[in-house]
Amino acid sequence: MLNIGLSGSTGKMGGTILERIDKFKDCKIAAKFNSTNNLDDLDNFCKNSDVIIDFSTPEILEKLINYALKHNTKLVIGTTGLQPQHFKLLEKAAQTLPVLYSANMSIGANLLSYLAKEVTKILDDYDVEILETHHRNKKDSPSGTAVMLAETIASKKGLNITFNRGNRLRSEKEIGISSLRGGNVHGIHEISFLGDDEIITLKHEALNKNSFSIGAIKAAIWLQDKPSALYSMQDIYKI
């Protein structure tokens, strides 16, 4: 039985994971950590977990990694809003532990990323723009998924990513990300390839948080016997 530690257990994603975990017979939630805990509680939290699923805040990541290294606890990181220094911490930890990071753990969003990469190879001379829509209370903008998609495309086309074009004209070598916030939208991501004569749009819409939570649990199960490295959901789905 795989003992999973759930960081961010009282958040929306944490709640959904707790609702879905019984669907999986080979794992259980053995430890929980949330905003009511002291950071030093991460010590026992990591000690009692084989793999941690983290949907908390960037502020605790360094402490979480330190205790995970102490107890050789594997990490599945789904927290968004991470900055460059956080990714450096993940890369360093992955030299010792198996670490999986993804801004979006649903199979649909990762398939969208794969399709965008393939379309980019064919539509090399098309302009590319990304529009992401989320609920009114989402803190980070643009979404981590939108950044992931943009980075995937930009790496293939040699483009710069812009989040706020303002009043300036679109430059030839850029991919833009625009954000909408409102209602109770779980997440919509649209990638438009705009040519002179036609537009091709790829779209993924999450109808609820179930696909994210199922993906996170599958990631924890998959990671349990992997060697030290930094993984993504695309390693699981082999795309």
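Positions of Cβ are set from backbone N, Cα and C atoms, glycine also.
Here's what Swiss-Prot has on this protein:
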| type | residues | note |
| --- | --- | --- |
| ACT_SITE | His134 | active site, proton donor/acceptor |
| ACT_SITE | Lys138 | active site, proton donor |
| BINDING | Gly8, Ser9, Thr10, Gly11, Lys12, Met13, Gly78, Thr79, Thr80, Ser102, Ala103, Asn104, Met105 | NAD(+) binding site |
| BINDING | His135, Gly144, Thr145 | (S)-2,3,4,5-tetrahydrodipicolinate binding site |
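Features recorded in Swiss-Prot, as mapped to the structure shown.
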residue	record	DSSP class
Gly8	NAD(+) binding site	coil
Gly78	NAD(+) binding site	coil
Ala103	NAD(+) binding site	coil
His134	active site, proton donor/acceptor	strand
Gly144	(S)-2,3,4,5-tetrahydrodipicolinate binding site	helix
Largest CA-to-CA spread of NAD(+) binders Gly8, Ser9, Thr10, Gly11, Lys12, Met13, Gly78, Thr79, Thr80, Ser102, Ala103, Asn104, Met105, angstrom: 20
Closest of Thr10, Ala103, Met105, His134 to Thr145 ((S)-2,3,4,5-tetrahydrodipicolinate binding site), Cα positions, recorded positions only: Ala103
Among Gly8, Gly78, Gly144, the most crowded of the binding-site residues [Cβ within 10 Å]: Gly78
From binding-site residues Thr10, Lys12, Thr80, Ala103, Met105, the one whose Cα lies nearest His135 ((S)-2,3,4,5-tetrahydrodipicolinate binding site): Lys12
List of residues, in chain order, with Cβ under 8 A from that of the residue listed as 'active site, proton donor/acceptor' and at least 6 apart: Ser143, Ser179, Leu180, Arg181, Val185, His186, Gly187, Ile188
Least surrounded among the binding-site residues, given as Ala103, Met105, when other CB atoms within 10 Å are counted: Ala103
Neighbourhood of Lys138 (active site, proton donor), C-beta criterion under 8 angstroms, separation at least six: Arg181
Neighbourhood of Thr80 (NAD(+) binding site), C-beta criterion under 8 angstroms, separation at least six: Ala103, Asp140, Ser143, Gly144
Proximal but sequence-remote residues of the same chain as Thr10 (NAD(+) binding site) (Cβ under 8 Å, at least 6 apart): Asn34, Ser35, Thr36
Cβ neighbour count within 10 Å of Thr145 ((S)-2,3,4,5-tetrahydrodipicolinate binding site): 25
